[in-house]
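First up is the structure itself, then whatever we jot down about it.
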Amino acid sequence: MLEIDNQTPLESDFLLLEKIANVLAPTQIIELILVSGETMREINRDLRGCDYATDVLSFPLEAIPHTPLGSVVINAPLAQTNALKLGHRLEEEIALLFIHGVLHLLGYDHEKDKGEQRQKESELIKIFNLPLSLIERTQDSF
């Protein structure tokens, strides 16, 4: 189940995100929060000590029955900018960020694992017919 807190003027169809949530965590609640760039910078600074606006952050919650799996926070204006720059729809960019964030909630960590998160993202991208994943874009830019 997906709970959405859209704190931006951005209007989007979240049906795809609900489908993704149902595939990744069919029995759990996932909170999606769409924020401005400034709000994302504040969250990143206050909680991670990084004074810049990033595209997506994940905050897992304790594994308590009937409580949310955690929160995925997406920088909506940056998602919009990246979608335009990369030539795909905003909904696709948000879906890519959402997948990336939810996988972190589920315990995947692309900085430490041996490619498991990248592999899972690739599988989901194929299932939902999405463009290049966040990890693949980052690795391809080096």
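Yeah, the Cβs are placed from backbone N, Cα and C, and that goes for glycine too.
Annotated Zn(2+) binding site per Swiss-Prot: H100, H104, H110, in sequence order. DSSP assigns H100 (Zn(2+) binding site) to a helical segment in the three-state reduction.
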Listed binding-site residues (H100, H104, H110), ranked by Cβ neighbours within 10 Å, top entry: H100
DSSP-derived structure type at H110 (Zn(2+) binding site), helix or strand or else coil: coil
